[in-house]
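Features of the protein shown, as given by TrEMBL:
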type     : residues  : note
DOMAIN   : A:78-270  : domain 'ABC transmembrane type-1'
TRANSMEM : A:12-34   : transmembrane segment
TRANSMEM : A:77-101  : transmembrane segment
TRANSMEM : A:113-134 : transmembrane segment
TRANSMEM : A:146-165 : transmembrane segment
TRANSMEM : A:194-216 : transmembrane segment
TRANSMEM : A:252-270 : transmembrane segment
Amino acid sequence: MSQPAMINRYRWYELIGIYAGIFLFLSFILAPFVEGFLVSLKPLSLLFSSPYRFWPENGSFEAYRTMWVSVPGFARYIFNSFLISTVVTVVVLLLVVPSAYAFARFKFRGSAALLAAFLAVNMFSGAVLLIPLFRLMRSLGVLNTYFAMIVPGVAFLIPSAIWLLRTYMMRIPRELDEAALVDGASHIYTLCRVILPIAMPGIAVVAITTFIGSYAQQFIFALTFNSKTEYMPLPIGLYAYFGRQEVVWNELMAASFVGIAPAVIVIFYLQRYLVSGLTAGAVKQ
Amino acid sequence: MGQLTLKKVQKFYGTYEVLKRIELEVKNGEFVVFVGPSGCGKSTLLRMIAGLDETSAGDILIDGKRVNDLPPVKRGIAMVFQSYALYPHMTVFENIAFPLRVEKMPEERLKAKVEHAARILHLGERLQQKPGMLSGGQRQRVAIGRAIVREPKIFLFDEPLSNLDAALRADMRIELAKLHRQLKATMIYVTHDQVEAMTMADRIVVLNAGEIAQTGAPLELYHKPANVFVAGFIGHPRMNFLPVTCKGASDAGIEIDFLGQTALIPVHPRAGMVGATLTLGIRPEHIAIGSGDLSLTITPSVVERLGANTVAYASLGEDSENYCAMLPGTVALRTDEPVKTGIRAADCHLFDQNGMAFERRVDMTDIDMALFDPAA
C-alpha cells in the first residue's frame, strides 16, 4: 500500500470539488471536438433536421471517404501545411539553439536590450504587420511561394523560442561549460557535445510549440501572401468545403480531423524527448 | 615539470580589490593548499591560475612562461570542480575520455589511457555507467579521472570534497594523498576545511581578505602562526586570546602581566614594547587542570564530552569571547562548578597591537623532521 505524501492528501469533499472542476473545464474544452467528430459521422441531411439530435443515428464514416472526392486537392493542402510547419520548425531550431546558448552564457553589450526587443516583437501580432510585409514580399517578388509563408512564420516564432530555450539553458550548470573549456573544447564543440544533449527536453518543448505555432499562424500568412491553390495550407484548404450553396459540414469536420492527424503524430514523436532528470549526476545540487 | 609563480597578482571586481598583490612560488611536485574563510579570494585565485577568470594585474608563470593570456588547455593545467561538473549524458568512460576526444587522440591510445586512469581510481567496473548512477565519492573520482588523463603539469582542485559526507571525505583525503605520491604532480588545492589543509598539504597558504596571511608547512602554521588571524584560523577549537601587559623584554623572552600574575614568554622580543598591551594566545589543548606558569579559575558554562577529550567553554567577562579548554576525556567536569586551570609559558603565543606574532622560540626540527633543512 503506497500512501500519497501528506501534502497530496485530500478530504472526500475536496476530491469531489477537484474532479468536478476538472470535469467542468475539460467539457468546455473537449465538447467542440466531440461535437465536431459526431457531425463528421452524420449524413448532411440529418445536420439540419429539427429537433437537432447530437447522437448520429445512421452514422457512418462516409464523409471521410467523400471528402477526398469533393476536394481533390486536400492531400496537397495537408502536405503543404506539414511542409511549411516542418521547415519553419527546423529553421527556427537552427537559429534559436545557438542564439539561446549565447544569451544564456555570454555577457555581451546589448544582450538585455535585444531580449527585451524580442519580447516587444511578440506583442505585435502578425496581423498588424501584414500590409508592410505584403509590400515587402511584393517588391522582393516572392508572393505566391512557400518562401512567403515560411519566412514570416519563422520571424514571428523566434522570439518566444529564444526566451523558452534560454531559460532552459540557464538551468544547465555553468561548471559544465567551464569543465569543457578547461579540457580544451571550443564553444561550438561544447554546445554540440555537452549542452545540446542535455538541453534536449528544452529543445523538444521549443520544437513542439514552434510546430503548433506555425500550424496555427499559417492561416493568416497564407491568406495574404498566397493565392495559388497548389501552395495552400490546410486552414485555407478547408474553405474549399464552403460551397456556393451550402457548407458541407460533415466533410469539413472530417477534413479537420484528418488534417490535424500529421501534427498530432509529430507531437507524439517529439514528446519522447520530454524526459526530465537528464542532468541527474552532473553536479551536486 | 609543474612549477608555478605568481607575481603581484591582482584581481579587481570593478574598483573592489579582491586579491591584493599575491606573491607565491610553488615548486614542482608540491601539494599546496589554499585555505581561508569564505570570501577570502582563494577560489578566485585558483580560477585565475586555471584561466577561467581574468587576471587584472600581475603575472602568472607556469614553468617560467607567462600564461596570463593563454586559454586553460594551453596552460597545462587540469581542474577538478567542487560540483564535479560531469557530463550527465555520457558514460563514465566518455566523461574521462572527453579531453582526449577534444584532442582527437587515436581510439587505441585513448582507450588505454582511460583504462589506466580508471585503474588508479578504482573505477574499472563503472566505466559503462552514467554519472547519475554513481555515489558522490565515485562521481568525484570520475572528475579526478578526467583531470588525470590529460597528464597536466598542475592539478587544480576547487573544494573537491566539500560535497561529500564526513566519512567519505576522510577516505578521499587519503586517496588524494596517495594519488599525489603516485603521480608526483604539482597540486593546488582550495578548501575552507583546515583538516584537509593540515593533512594533505606540503605547504599551506592561508588567505585572508585577499592577502596571503602566511605561507608555511602545516605544523609551522600551527606552532608559529605569524599573526592573530592564522593563529585563530588554524587549530580547532580556536585559540584563546587574552589581553596582557608587557612588563619587560630580555633575550630570554617577554615578561607579561596577566591579572597580577607574571610570566616569561619565550619569544624573540622587539624593542620598545614595555607597557604596551599585547595579546596572549593559548590553544585549548594546551590548557591543563591545576596550576601552571599562569593560572586561571574558570566556570564552564558548557561542557562537551567527546570521549577522547572534554571541551569546556567558559566566559571570562561580559563582552569577551568564550574561553575554551580541551582537557582529557577522563577529567570530571561539571557546568557551573569552578575549576582551576593552568597554562605553560612555553605553550603561549604572543602578538603585538597590530596582531603580528613575536616569533616563538620553538625548534621546528624537534617537532617535525620533515621540516629539517640540512642546508641551513
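Cβ from N, Cα, C; glycine included.
Any TrEMBL annotation is an automated prediction that lacks curation.
Listed stretches A:12-34, A:113-134, A:146-165, A:194-216, A:252-270 were compared with the transmembrane segment (A:77-101); the greatest number of C-beta pairs under 8 angstroms is found for A:146-165.
When Cβ-Cβ distances under 8 Å to the transmembrane segment (A:194-216) are tallied for each of A:12-34, A:113-134, A:146-165, A:252-270, the top count falls to A:146-165. Counted over residue pairs separated by six or more positions, the transmembrane segment (A:113-134) shares fewer than 3 Cβ pairs under 8 angstroms with the transmembrane segment (A:12-34), which leaves the two as not touching.
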